[in-house]
Structure formats: C-alpha cells, structure tokens
Amino acid sequence: MGRAPCCEKMGLKRGPWTPEEDQILVSFILNHGHSNWRALPKQAGLLRCGKSCRLRWMNYLKPDIKRGNFTKEEEDAIISLHQILGNRWSAIAAKLPGRTDNEIKNVWHTHLKKRLEDYQPAKPKTSNKKKGTKPKSESVITSSNSTRSESELADSSNPSGESLFSTSPSTSEVSSMTLISHDGYSNEINMDNKPGDISTIDQECVSFETFGADIDESFWKETLYSQDEHNYVSNDLEVAGLVEIQQEFQNLGSANNEMIFDSEMDFWFDVLARTGGEQDLLAGL
C-alpha cells in the first residue's frame, strides 16, 4: 500500500489557517457535524486535508475548549492521572473537559515533569541479557567447592600406603593387622600409635625380603623331583593300561578259537551219528 501524496501535489494549502477558513470550518461542522474527516474538506469547500481540519477543530475551534494557563487543580489531576495511565494523553484529556491531549502533553513535558522531585524516566529495557547467568563471585565459589569435594572424595576412596601406616598425634590407640603367609600361618602386626613415635611392625610378620631369603636351591630341587615322579607314575600307569588291553584282546582271541573248534567237533560228531558210526564211514570210503 503506497503512501498518499502530500498536500502540495494535491493542490492543497499548508501553513497557518486564515480567519475565513476557520469560519467556513466552524459553520460546516455546526450544521453538518464531522462524521468523515477525509471527505469533510471537499464538502466544506476548503483546500485543506482531513487531518489538518480535524486538528484545527479539536485544538482551537471547538466551542468548549478552555483558553489560558492550567490551574493548580488541573496540574495535580494531570500528575495523579499520569501515575495511573502513563503517557496515554487522550485518556487523560477525557478526564479533563475543555483540555486537549496536545495541551496536556505540552504542559507535562515543559512544567510538570520538572516539578516532580522523585520522577525517574523509564529505563530502556535491555533484551540482550542472558538468562541463567550467575555472578562471577558465585561461579568462582561453586567451582572451588566442587573441586574441593572431588579431592576429598578421591582421598577417601583411594587411600595411599602412607596414610594406612601414618600416625596422628591426637590418637593413642593400638591397631593390629593379620597377614596370611604362604604356608598357611597367620602373623599379627601391632602398631602402637603414640604421640611423636613411628609405628613399627613385628619382625615375625612375613615380608617379601624374608620370603625370598627362605627359598633356597633345595626347594626348587624338591619341586622338580616331585614333578618328575609324577611324570614317571603317569607313564607307568599308561604302560600298565596298554598291557591290560593287550591281554584282554589275547583272551578274546583264544576264546573265539575255542568256540570255533568246539563247533567243528560238534559238526563231525553229528555226521558220524547220522552215518552209523566210524566203521560205516570207513567202509563207505
């Protein structure tokens, strides 16, 4: 939608109104009213735009308009209404009959605003502030607290070897530990936690140095000898098992031969019985 042409291009006048123009406008409005400000200049025969006619009537030519300065009561009313309505000048003018919104706005900015000691202009809203940001000091405190809690948690979950055997000057209790050696016996470690003393471990406890010194060549020889004996025994068992299997096969073969021989003897006895004996058999031959 394009912008309407200005008054000069339309052949309309601009500038101050003449008394003749004021008389024409007042007479037309009193007779016909002002239902349509855009069509009013043409109907009234004025070379003015509708906006100029409206402002001239509302601010100067209207019969009930008050002339002169604002009274003390009107100024107090403007201040109280401005605290409630703000810069809604037309709404304030509706509460003050005979005063226009333009006059009220002018008197506020020129006189009334300066009289207010506690007046503070509205600060522009800054929409560039990031939500959820914390002050720098609070962020530093929270980060230091988090690192401190993490370090305390690491110390409590992963104690070092020095902390196990370290002694505090405020405790004097006796603690004991039990270690299991390689041969199944248990040895106790007594630690006397006295102020200013270093905890000592009994010489009877098993350490890596004494354990290595107790192992000599005889230990390794006995171990190897026991392994050799185990291998010899296993070999003997394997040989004995093979011999037993061989004997079982031999016994099975001899039993089969006996069964075959017995079956052959039965066959010939049966033949002799059918032919009538050995003599008949020889005679037949």
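Cβ coordinates come from backbone N, Cα and C, glycine included.
Among the residue ranges 89-112, 233-256, 257-280, the one that Swiss-Prot annotates as DNA-binding region is 89-112. Beyond the ends of the DNA-binding region (37-61), by six or more residues, the same chain brings 7, 10-14, 17, 21-22, 24-26, 28-29, 100, 102-103 to within a C-beta distance below 8 angstroms of the stretch. Residue counts for the DNA-binding region (37-61) under DSSP, split into helix (H, G, I), strand (E, B) and coil, are 17 helix, 0 strand, 8 coil. Note on the DNA-binding region (89-112): DSSP counts are 19 helix, 0 strand, 5 coil. If you average pLDDT over the DNA-binding region (37-61) in this model, you get 89.
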